[in-house]
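See below for the structure under consideration.
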Amino acid sequence: MCGIWALFGSDDCLSVQCLSAMKIAHRGPDAFRFENVNGYTNCCFGFHRLAVVDPLFGMQPIRLKKYPYLWLCYNGEIYNYKKMQQHFEFEYQTKVDGEIILHLYDKGGIEQTICMLDGVFAFVLLDTANKKVFLGRDTYGVRPLFKAMTEDGFLAVCSEAKGLVTLKHSTTPFLKVEPFLPGHYEVLDLKPNGKVASVEMVKYHHCRDEPLHALYDNVDKLFPGFEIETVKNNLRILFNNAVKKRLMTDRRIGCLLSGGLDSSLVAATLLKQLKEAQIQYPLQTFAIGMEDSPDLLAARKVANHIGSEHYEVLFNSEEGIQALDEVIFSLETYDITTVRASVGMYLISKYIRKNTDNVVIFSGEGSDELTQGYIYFHKAPSPEEAEEESERLLRELYLFDVLRADRTTAAHGLELRVPFLDHRFSSYYLSLPPEMRTPKNGIEKHLLRETFEESNLIPKEILWRPKEAFSDGITSVKNSWFKILQEYVEHQVDDAMMANAAQKFPFNTPKTKEGYYYRQIFERHYPGRADWLSHYWMPKWINAADPSARTLTHYKSATKA
């Protein structure tokens with residue numbers, strides 16, 4: 001997890017523009033570097049480093065003696081870099097995983113390169129010999145990337161939008177900044193004056209398709225067919241492998257543990273894999289909540305069962321409310337459910353950074369979207385429509401859960417790893433017949449639970465624990481986090497402000513006082529940037545006025561039972 005920043009064709013003084021890059025210093029607290037591009041006085045790279053692999057030669061932009069014309073700045077982890085090195089017999093100059101991008105590019109060009117990367121990444125690759133610039137981002141957008149480009153060819157890219165919004169350019173007083181789409185790469189021509197021109201934007205991978213790099217990995221051979229025992233066996237093989245490959249780091253690994261199904265499976269599998277890899281330190285797991293929180297109780301049960309060194313972080317409503325401003329600044333969004341769920345994750349990340357030496361943090365993000373874990377999937381009209389909705393949620397992860405997971409951890413210099421979004425695990429899951437993946441017997445994620453039924457990885461009552469929204473599970477059932485927030489906001493936003501909401505915020509007009517309050521904070525930090533969020537996250541197939549699972553009838557009947 002690092003922070004990348006690059007400019008091409010800047011009209012303004014680079015030493016002034018470089019100040020913008022310092023806005024993302026939190027992403028790389030270990031070291032930083034600015035480097036101008038030879039022969040292009042208005043082009044430069046900025047890099048903030050979190051040293052996770054190769055502490056000696058890991059600075060960027062990466063440049064190799066063999067390819068003096070290539071410059072690479074990337075944020076991410078390429079889990080199959082050793083496998084690719086062995087298969088193609090590349091001669092490595094460093095121990096940095098990203099070096100593989102330069103070798104693959106030299107061998108087969110950008111299309112072949114990006115399809116071969118098993119990992120999470122956002123990169124800028126400059127080829128001065130062929131006068132090209134390439135931008136690329138992983139399938140689900142686990143690693144963030146933003147860009148700004150003007151009509152006269154000035155290009156700026158950064159891991160977070162906050163590193164671009166204050167940039168100056170002669171032809172425009174307001175630089176349009178937008179997220180770079182996940183699962184895409186862009187090819188741009190580099191002109192002699194350092195400006196660029198976009199040639200093509202290519203979608204290189206669909207989440208349903210088995211990735212090209214699967215041909216070269218060392219996963220046990222999967223069994224063909226959709227017989228239930230076969231499917232469960234394949235899922236266990238792929239999930240184990242998803243966790244195992246993510247052990248790649250020179251820093252200490254920890255795990256977030258909410259006590260829900262997803263984080264519990266990740267924590268239990270991670271602990272097993274760390275033992276098999278003969279890692280000497282104990283796995284530390286972290287849960288956050290207010291007193292009387294169902295998440296804290298469930299996480300404690302799981303930690304006792306798997307034998308992790310467990311930490312509980314308590315916070316009160318006042319601390320949560322006080323954190324809202326810095327949380328929204330870090331997130332760069334005003335989406336209601338994202339803000340709610342981010343407070344706990346932001347505070348727990350702050351605790352981990354301050355009190356422990358864990359840097360690489362595992363978590364269960366992505367499972368709800370992949371395995372149809374949201375309560376509203378019970379209302380899906382058909383398995384096919386549920387499948388379609390699942391894929392939509394996966395496509396939009398970069399606007400919601402993946403955005404939350406990255407920004408709340410990166411704000412405190414931590415790197416998050418998410419095994420459920422592993423290319424091979426997710427593409428296999430999505431290849432299963434739609435009816436296998438739907439909720440069954442009133443229980444969502446039935447297939448995933450069934451898969452680990454006989455494993456004794458986690459306690460049975462946790463394996464079959466119903467879905468609990470992270471933003472609600474951290475508080476008690478009597479007083480939900482969303483209710484605490486709404487009660488507070490009631491005194492901050494009056495009816496007159498709401499009556500004027502459509503005039504003040506014509507795009508994505510907030511419908512509730514809570515939404516209005518978040519939007520106000522967002523506009524204070526990022527005026528005129530509301531279009532970074534195309535729409536609010538809301539459940540489908542039901543007439544919901546609030547995104548919280550606790551407002552749904554299915555949840556209410558379950559809690560009464």
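Just so you know, glycine gets a Cβ as well, placed from its N, Cα and C.
Just so you know, TrEMBL annotations never went through curation; they're auto-generated.
TrEMBL has this to say about the protein:
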ACT_SITE  Cys2  active site, for GATase activity
BINDING   Asp97  L-glutamine binding site
BINDING   Leu256, Ile288, Ser363, Gly364  ATP binding site
DOMAIN    2-191  domain 'Glutamine amidotransferase type-2'
SITE      Glu365  site 'Important for beta-aspartyl-AMP intermediate formation'
Leu256 (ATP binding site) and Glu365 (site 'Important for beta-aspartyl-AMP intermediate formation'), distance between Cα atoms, whole Å: 10
Cα-to-Cα gap, the residue listed as 'L-glutamine binding site' vs Ile288 (ATP binding site), nearest whole Å: 33
Alpha-carbon spacing, Gly364 (ATP binding site) to Cys2 (active site, for GATase activity), which is rounded to whole Å: 21
Residues that sit under 8 angstroms from the residue listed as 'active site, for GATase activity' by C-beta distance, when 6+ apart in the chain: Arg27, Gly28, Phe47, His48, Arg49, Leu50, Gln60, Tyr74, Asn75, Ser159
